[in-house]
Every structure is written in structure tokens, then in C-alpha cells.
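Undergrad: Can you keep this structure in mind? I'll have questions shortly.
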Amino acid sequence: MDPHGALFFYLCLLAAQVVLVETLSDLLVLMKRLEQPVGRGLSSRARHIHSLEQKLLNASFGGHNLTLQTNSIQSLVFKLSCDFPGLSLSSTTLTNVSQVRAPHAMQFPAELTKGACVTSRPAELRLICIYFFTAHLFQDDRNSSLLNNYVLGAQLDHRPVNNLQKPVNISFWHNRSLEGYTVSCVFWKEGASKSSWGAWSPEGCYTEQPSATQVLCHCNHLTYFAVLMQLSGDPVPAELQVPLEYISFVGCSISIVASLLTILLYAQSRKQSDSTTRIHMNLNGSVLLLNVTFLLSSQMTLPTMPRPVCKVLAAVLHYALLSSLTWMAIEGFNLYLFLGRVYNAYIRRYLLKLCMLGWGFPALLVLLLLMIKSSVYGPCVTSLSKSQENGTGFQNVSMCWIRSPMVHSILVMGYGGFTSLFNLVVLAWALWILCRLRAREKALSPWAYRDTAMVLGLTVLLGTTWTLAFFSFGVFLLPQLFLFTIFNSLYGFFLFLWFCSQKRYSDAEAKAEMEAVSSSQMTH
């Protein structure tokens with residue numbers, strides 16, 4: 001090569017390097033600009049992201065791929081052909097990726113380039129991947145929580161990719177268990193919101209959880225993907241864990257002792273044929289079972305315990321809770337019959353039918369769940385919020401319980417809400433009747449006060465305290481946690497006090513009747 005030709009080649013090479021450096025510099029500046037807080041409108045967020053996409057698709061570089069990295073954004077560019085065999089990307093193999101972050105991966109099928117190569121065979125196709133490790137650019141109207149705050153995006157050339165036969169697989173991992181959380185794979189749908197430049201949508205995506213720490217998304221298109229995390233209620237502050245556990249342990253222990261004493265007093269009672277008293281005893285028995293299984297549930301999640309044992313205990317705990325709630329409703333129904341003056345109406349095998357409902361119906365529900373999907377029971381994680389020093393935002397506390405959020409919503413919250421609502425209606429109706437009785441009297445008799453206290457005490461003890469479970473949010477969270485824990489852990493003790501007061505009243509009434517009979521016999 002002559003000196004002039006060599007000089008020309010050198011100048012061309014130098015110019016190409018200068019262009020490449022300027023291109024990379026512009027891309028890094030734009031990526032760093034995206035890391036800064038911006039407005040919510042389309043003109044700010046969408047414009048910056050689309051600008052980055054276009055620059056990556058048109059960037060000039062040597063080799064087959066390009067990787068750019070800033071603090072919270074990573075951009076990848078790949079040169080593909082129509083003979084694309086597929087591509088697997090993993091954060092563990094990508095360069096310049098912080099090992100502190102939770103891992104992620106994307107897998108593209110060979111079908112990806114078929115749509116672009118149907119009518120023509122372009123010499124080069126560009127696949128770009130933009131990974132956002134911050135979610136501030138993709139905030140929707142609901143301010144949704146994203147797993148790890150990861151948003152992983154991909155785009156093929158300047159054309160949309162939809163309805164793939166073999167989906168794109170996107171894997172998200174977390175360094176803590178995700179059991180007990182509702183996770184769903186979503187994509188960013190532009191123009192789906194009036195107040196933001198888009199919204200999260202699950203269309204075209206299928207969610208799978210291969211393990212407790214991994215979420216696998218199968219999506220039939222290319223766009224920006226994330227995993228929504230939906231917690232059932234506000235997370236419990238971690239610093240309250242110890243006092244709440246202590247209150248629960250002490251309260252349940254007291255209730256267990258009180259329930260055993262109640263059974264002992266009932267065994268010694270002379271008035272064992274009374275249906276109302278027997279209903280009390282069935283409720284007491286279900287509460288005793290509930291307290292015992294609750295105390296055991298946290299111990300059975302230890303690594304040394306077999307998993308089937310935890311599953312069985314979770315099913316028994318759920319059965320005990322449903323049975324307790326059912327017997328609370330039965331108590332309310334029995335009170336309704338008593339105050340409605342229809343208690344003396346003969347109901348054939350009344351107590352047997354109530355037992356079939358109180359013990360049999362919950363057993364049927366639990367058995368159906370076990371037959372349909374036994375995995376709904378097992379080690380479950382309770383959400384605890386904590387400081388952000390480790391970057392996770394929550395920690396895990398396990399117990400043997402229901403793992404399915406849908407089952408928990410229907411057969412715990414829904415079942416308990418229906419029971420509480422029924423007893424609240426009975427309470428309001430009973431108070432209305434007592435107010436009418438008082439209005440007929442010129443002066444309030446002590447019996448009116450006793451009846452009011454009886455109805456209030458009985459109905460409050462029959463499940464109305466469970467309505468506190470529906471106030472676990474906002475400013476109500478802290479008082480609700482302690483009130484709910486105190487009242488419901490001591491539920492067996494309150495039943496014991498109620499039984500003692502009723503027994504004392506019955507004994508006094510029986511004694512008065514005997515004295516009246518004796519005095520009548522003496523006068524004759």
C-alpha cells in the first residue's frame with residue numbers, strides 16, 4: 001500500500017473511532033439524563049425513552065453487540081440476521097452488571113425474526129434491550145409496586161413484534177421468599193392512562209413461579225416487562241413483631257387454660273340439657289382447637305419439620321377458624337330465635353343439625369380445597385415492612401397457613417366478614433327490641449340494664465371483634481394490630497367469663513325458685 005493510501009485508511013479509521021466515541025458518549029449522556037427525576041407527562045418520560053431507543057437502533061459500532069451501563073440503566077444492542085437461532089441473556093454473564101442486584105434473564109425464541117424476514121431478507125436486524133433498575137419512569141395511576149423495581153424492555157428494529165407462537169421468557173429473581181405474595185407479569189401499555197404515559201397490563205403474558213424466589217414471565221410480544229407485587233393489606237412494621245408475638249402467645253395460652261376450665265365447669269354443671277349451654281360449649285371447643293393449632297403453626301415451619309406436617313397443621317388451623325366463625329354465627333342465630341319469641345318452637349334434632357353445620361360444613365370446605373389443590377396449605381410468609389438499608393423493603397415470618405391469596409380473601413376475610421356482619425345485624429335488632437321494651441316502662445328496671453348488658457356482651461363475644469381485621473390500613477393499622485391481637489387471642493378467656501356469669505345467674509335463679517316453692521309449701 002502506498003503512503004497516501006495508508007494515510008487515507010488511517011484517517012478513515014480515526015474518523016470512525018471519533019464517531020463511535022461521540023455516539024457512545026451521547027448514549028451515556030441520555031441514559032444518565034433518564035436517571036434524573038422527570039415529570040409525569042408523555043412529553044418528558046416517553047420522549048426521553050423513545051429517544052434512547054432510536055439512538056440505540058441507529059448506533060454505529062464494530063462487532064456484533066454493544067453494552068452500555070450507568071448506575072441504574074443498562075442498554076444492550078445486538079446485530080441479528082434472518083438465520084437467528086435464538087438468544088439467552090443472563091445478568092450473571094453480562095459484563096458491567098452489579099452483583100449486588102438480584103439476577104434476571106431474558107430468552108428470545110428463533111421465531112423472533114421470522115416476521116421481519118417474510119417479504120425480504122434484510123442484511124441486518126437490530127435487537128435492543130434496555131434494563132431499568134428503577135421504576136420512577138414507569139409510575140402508573142395506582143403507584144404499583146414492582147419486584148426489585150426492575151423494568152426489562154426489548155425491541156426488534158423499528159417494527160412491532162406480537163403474537164409469537166413461542167413466547168419470550170423473562171425471569172426475575174429475589175433474594176427473599178415470595179410465598180404469600182400475589183405476583184403477576186405485566187407489560188407497559190402506552191396510552192392506557194390519562195394521567196400518565198401508560199399503565200401496566202397483563203395482556204399476552206403468563207405468570208409462573210418455578211420456586212419461592214423466582215418469577216418466570218412468558219409473553220408473546222416485545223415491550224417493557226415487570227412483575228407487579230400485590231400485598232394483602234399494609235405490611236406489618238417489623239419492630240412490632242416481638243410485642244405482637246408475645247401478646248398472641250400469652251393471650252392464646254390464657255384462652256387455652258380458660259377453655260379447659262370452661263369444659264370442666266360444664267361437666268360439673270347440673271343444667272347440661274340446655275341447648276344454649278351446649279352451643280356455648282361447641283363454640284368453646286372450636287376456639288380451643290383454634291388457639292392450640294395457632295400456637296403450633298409457627299413452630300412447624302422449622303427446617304427440621306417435614307413439609308407434610310406443616311400442610312396438615314395449616315388445614316387444621318383453617319378448619320378451626322372456619323368452625324369458630326360458624327359457631328359464632330350459630331350463636332347469633334340462636335340469640336335471634338330467643339329474642340324473636342320463637343325459641344320454644346319445636347325444631348326436630350335442633351342441636352344435631354347445628355353440630356352438622358358448625359363442624360361439618362367447615363370440614364367439607366377444607367376437604368374440597370385439599371382435593372382440588374392441596375398446595376394452598378403449607379408454610380406461608382407474613383409481610384413485615386422494615387428499613388430500606390438492605391434494599392428489600394420487607395422480611396419474612398413463616399407460619400403454617402393458607403398460601404393462596406384468593407383462598408385467603410374468600411374463605412378467611414369473606415367468611416369472617418359475613419359472620420361479623422350477621423352478628424352486627426342481630427345486635428342492632430336486639431337493641432331495637434330492648435329499646436321498645438324500655439319505652440313501655442315508666443322507669444328503667446334493673447332487668448333492662450341486665451338484658452342490655454347480656455345482649456351486648458354475648459354479641460360482642462360472638463365475632464364482632466373480627467371486624468377489626470378490615471381496618472388494617474393507614475392510620476388504623478397500629479391500633480388495629482394491637483386491638484385485634486388482644487381481643488381475639490383472649491377470646492377463650494372472654495367466653496369463660498361469659499359462661500361463669502351465666503352459670504351464676506342460672507344458679508341464683510334456680511335458688512330463688514326453690515325458695516319460692518319452699519315458702520309456698522310452708523304456707524299450705
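Easy rule for this one: first residue shown is 1, then count along the chain.
Glycine is treated like the rest: Cβ placed from N, Cα and C.
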Undergrad: Are PRO379 and GLN480, as given in Swiss-Prot, on the same side of the membrane?
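TA: Membrane side for PRO379 and GLN480, as annotated in Swiss-Prot: identical.
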Undergrad: Which stretch, out of 224-232, 260-268, 494-502, is listed as region 'Stachel' by Swiss-Prot?
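TA: In Swiss-Prot, residues 224-232 carry the label region 'Stachel'.
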Undergrad: Compare 320-340, 352-372, 414-434, 481-500 by their Cβ pairs under 8 Å to the transmembrane segment (247-267) and return the stretch that comes out on top.
TA: 481-500
Undergrad: Cβ neighbours within 10 Å, counted over all protein chains: which one of the glycosylation sites ASN58, ASN65, ASN169, ASN175 has the most?
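TA: Answer returned by the neighbour count: ASN169.
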Undergrad: List, by number or range, the same-chain residues at least 6 past the transmembrane segment (481-500) whose CB is under 8 A from its CB atoms?
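TA: Beyond its ends, the transmembrane segment (481-500) has Cβ neighbours at 236, 240, 244, 247-248, 250-252, 254-256, 258-259, 261-262, 265-266, 280, 283-284, 287-288, 291, 457-458, 461, 465-466, 468-469, 472.
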Undergrad: Work out the three-state DSSP category of ASN169 (N-linked glycosylation site).
TA: strand
Undergrad: Could you tell me the C-alpha distance between ASN58 (N-linked glycosylation site) and ASN169 (N-linked glycosylation site) in angstrom, no decimals?
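TA: Here the two Cα atoms lie 26 Å apart.
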Undergrad: Summarise the topological domain 'Extracellular' (306-319) as counts of helix, strand and coil residues per DSSP.
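TA: Helix/strand/coil tally for the topological domain 'Extracellular' (306-319): 13 helix, 0 strand, 1 coil.
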Undergrad: Across the topological domain 'Extracellular' (306-319), what does the pLDDT come to on average, as a whole number?
TA: 89
Undergrad: Looking only at C-alpha atoms, tell me how far ASN65 (N-linked glycosylation site) is from ASN169 (N-linked glycosylation site), rounded to the nearest Å.
TA: 21
